[in-house]
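Only one structure is covered here, and it is reproduced in the block below.
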Amino acid sequence: MAKQEQNIVYLYCDGACRGNPGPGGWGVLLRYNQHERQLHGGVANTTNNQMELTAAIEGLKSLKKPCQVVVTTDSQYLRRGITEWLPVWKRRGWRTSNKKPVKNQPLWETLEREVERHTIVWHWVKGHSGHAENEIADELANRGIDEVLKRGAQ
């Protein structure tokens, strides 16, 4: 485990999809001082990007009070969307540079509300590259998919 600063929440999030669209899951690993919490969930029909956004939203929603947070994701869509693209989309009336509607606007709006409560640093790591905490988040996201598929088979 990497050395972590005291009194900062470390949030590792990942989304996964089997088929795109298809059954999807999200996973979150939270670390704060000596405490650790794991969260996951799934949706029967979704996209990978929707699950990436949902993972970040659910992780931030789980924090009871405003915090300093370091969010680590393997999704450039999530990291660049929240740090670079969102203000531009809003200025353009939720349109892309091609004048098309921004995909997943309701999720982006929800994420923005959650982000506003905290002081956040966003980090990107390459997926499936041996980053231990990101691998745990990936396992949790896949657990979310497995649970959705299991419920569907019953």
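Including glycine, each Cβ sits where the backbone N, Cα and C put it.
Owing to the predicted nature of the structure, the values given are computational and were not obtained by experimental measurement.
Look at Swiss-Prot and you will find ASP14, ASP138 tagged as Mg(2+) 2 binding site. In the three-state DSSP scheme, ASP138 (Mg(2+) 2 binding site) falls into the helix class. Taking a C-beta cut-off of under 8 angstroms and a sequence separation of 6 or more, ASP138 (Mg(2+) 2 binding site) has the following same-chain neighbours: ASP14, ALA16, GLY27, ASP74, GLY127, HIS128.
For ASP14, GLU52, ASP74, the entry in Swiss-Prot reads Mg(2+) 1 binding site. In sequence order, CYS13, ASP14, GLY15, TRP26, THR73, SER75, TYR77, LEU78 are the residues near GLU52 (Mg(2+) 1 binding site), counting only same-chain partners six or more apart with C-beta under 8 A.
The domain 'RNase H type-1' annotation in Swiss-Prot covers 5-146, and the record cites sequence analysis as its basis. Residue counts for the domain 'RNase H type-1' (5-146) under DSSP, helix first, then strand, then coil, are 57 helix, 46 strand, 39 coil.
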Local confidence of the prediction over the domain 'RNase H type-1' (5-146), expressed as mean pLDDT: 96
Residue with minimal Cβ packing [other Cβ atoms within 10 Å] among the binding-site residues ASP14, ASP74: ASP74
